[in-house]
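Remarks on the structure that follows.
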Amino acid sequence: MRTTEETEGFDGEASNTSMISGASSPYQPTTEPVHSRNVFGGIVCDMEYLKSYFGILKVVEVVLSLIGFICIETIMMCSPCGGVYFFEFVSCSALVVTGVLLLIFCLNIHTKVPHVNWSLTDLVNTGASTLFFFLSSLVLACINHNTGAEIAAVIFGFLVTVVYGINTFLAVRKWRRGAGCQGAAQASDYIRARTASRGEVEPRPELA
């Protein structure tokens, strides 16, 4: 039978061996803090975007489009109704598309879908809305029955046209800046690839 000292020595050697094997093992037990899962996948409201020029303009566009749509919907009788229907379609379409884009940019959903050119998408929407709001407001101004709802719709239609025009101007500038930066990056990558393929080494500046 083993004595008490031999048993203690054996246990000490076993513990040392397990510590050494555990230290050398690539599979180390780790304890990471468990974070609570976010139901919305990390989607938060970007208040900085709402305070920016684009955010403010989009909010104004949604509000004015909604007011114009409500005004045109209060018209019960019309003859002819072409101008009313045209303005109704434009205001409703602009309200829906601009509202969806506002939510996408405000909730940073566009960062989760990077393969879409959101600057160009916003530019196309603002440009088309500017054109069609101007045409529909002009048609409704020429073909109406001088009712209060029609006059109000025309006024708000021209107001939202101006707002969309300003947004289009800013969107064009933003899109050009993005296209210029992307073109410069592609040109730099192309030059670097040609240099590497020729086996040339770019000279490094000598240290003083």
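Placement of Cβ uses the backbone N, Cα and C atoms for every residue, glycine included.
As recorded in TrEMBL, the features of this protein are as follows:
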type: COMPBIAS; residues: 1-11; note: compositional bias 'Acidic residues'
type: COMPBIAS; residues: 14-30; note: compositional bias 'Polar residues'
type: DOMAIN; residues: 49-176; note: domain 'MARVEL'
type: REGION; residues: 1-30; note: region 'Disordered'
type: TRANSMEM; residues: 56-77; note: transmembrane segment
type: TRANSMEM; residues: 83-107; note: transmembrane segment
type: TRANSMEM; residues: 119-139; note: transmembrane segment
type: TRANSMEM; residues: 151-172; note: transmembrane segment
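Per-residue pLDDT, averaged across the domain 'MARVEL' (49-176), gives 93. Remark: secondary structure over the domain 'MARVEL' (49-176) totals 107 helix, 0 strand, 21 coil, with classes taken from DSSP.
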